[in-house]
Amino acid sequence: MNSILPYFLSLFAATALFATNVWRGIDDDASGGVRRVSTLDGLRGYLALSVMLQHAMVARSWLVTGSWSLPHDPFYAQLGSVAVSLFFMITGYLFWDKLVSQQGRMNWMAFYIGRVFRIAPIYWVASAGLVLIVFWRTGFELHEPAAVVAGSVLRWFGLGFLPGKDFNGYENAWVILAGVVWTLKYEWKFYFALLPASLFAKRRLHLPAAIAFLAVAIVCANAGGSDSWSFWTLFGAGMLTASLKQSGVRIKLPDSVASAAVLVLLAALLFAYPPLYSSAQALPLAVVFFLVCNGTTLFGLLTSTPAVRLGHVSYGIYLLQGFVFAIGFDNALVRHLVTGHVGTFWLVTIAGVLALCTISGCLYMAIERPMIQHGRRVASSTAARMTTWRDKLVSQRSGERPDAT
């Protein structure tokens, strides 16, 4: 169980899958107005798969012991926290970079509409799948009052604002989604925090503001405050990276040297095994993140077409991974293969990776990208109507003023 080879074989299988021309329809940009960094696009898919592969080992243990807990192996135990940490840094980087580039003048209505259309469609697909599985496993009969069931079901469609609850007598419903939706709560908190933060997204303010925010987050995280400060540290690291880029701060290294440095840093971090989501984990990852945003390609991997395609579908991979375990692992035909020999477990897991990537790719083209594009149109038309309404209001008020005498 200690071999890391299956992890890299799984990533290789997913990369090979998206190297085929059948997925060329994914290549169209759907950034939702966010300025893209190709190396980050290439990174995201591997981060989502890393979370999935950690949860595959957790799910195996769950089927054997009934306990959903971290793997004992240090490498696999850290995969999820490292990936989520880098995801939060990506969020901090992209949206602070956008805000700074616009000198804090964001069209907030369009921004939040765009976020809803980006997050909601696949989230609701995942929620609908969870509800269907719960009713299937409870015999499609009500075991609680209808109003109670309806209220609990609606919470699962709350886009991360409301924690999901067990319903209809089914325990541990969150396991169906592998417990991944908790991160969206912090994503939304960051999106709303951008509104007051825009006051500091000015030419001479954004860099000291980012430094101060990161410093405060680190101090609070290490002073025994709320665990949320650990996650704000990660957003702050992304913001600081964006401000450094906007200020022209770059490290000019040959890609081979920078790529080797990233791999050495990651290997050292995984070997050291610092506390998860601690500053000791976050700060080395911040250096890795800075190098990747600086153009480090990991010897060309992160800018390759398959990696970028994986990045486009990473949200689906992340949100839908639980179904691989809830359906693919937890059934009479496959369960003994998952809980038996480690070799058969990894064969089933790699098959699950390929199935998950295929489904996520199809849903991206059929649902995600069309809804992102529709969100842009809705945001644009809403902004236009708001401008028209504001101009009419100003005109009416001007007409009501008495003439100067």
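Any Cβ shown, glycine's included, is placed from N, Cα and C.
Marked as transmembrane segment by TrEMBL: 6-23, 43-63, 75-96, 116-136, 167-184, 205-223, 229-245, 257-276, 282-303, 315-333, 345-367. The domain 'Acyltransferase 3' annotation in TrEMBL covers 40-357.
Listed as Cβ neighbours of the transmembrane segment (167-184) (distance under 8 Å, sequence separation of 6 or more from its ends, same chain) are residues 51-52, 55, 58-59, 62, 68, 84, 87-88, 119, 123, 126, 129-130, 133-135, 137-138, 142-144, 148-149, 152-153, 156, 159-160, 318-319, 321-323, 325-326.
Same-chain residues lying 6+ beyond the ends of the transmembrane segment (229-245) with a Cβ under 8 Å from its Cβ atoms: 85, 88-94, 96-97, 100, 186, 190, 206-207, 209-211, 213-214, 217-218, 220-221, 277-279, 282-283, 285-286, 289-290, 293-294.
Between the transmembrane segment (116-136) and the transmembrane segment (315-333), three or more CB pairs separated by 6 or more residues in sequence fall under 8 Å, so the two stretches touch. The transmembrane segment (282-303) is in contact with the transmembrane segment (75-96), judged by 3+ CB-CB distances under 8 Å for residue pairs 6 or more apart in sequence. The recorded stretches the transmembrane segment (345-367) and the transmembrane segment (205-223) do not share 3+ CB pairs below 8 A when only pairs 6 or more apart in sequence are counted, and are therefore not in contact. Of the candidate ranges 6-23, 43-63, 257-276, 43-63 has the most C-beta pairs within less than 8 angstroms of the transmembrane segment (315-333). Averaged over the domain 'Acyltransferase 3' (40-357), the predicted model reaches a pLDDT of 96. Taking Cβ pairs closer than 8 Å, the transmembrane segment (257-276) reaches residues 74-75, 77-78, 81-82, 251, 284-285, 287-288, 291-292, 294-299 in its own chain, all 6 or more past its ends.
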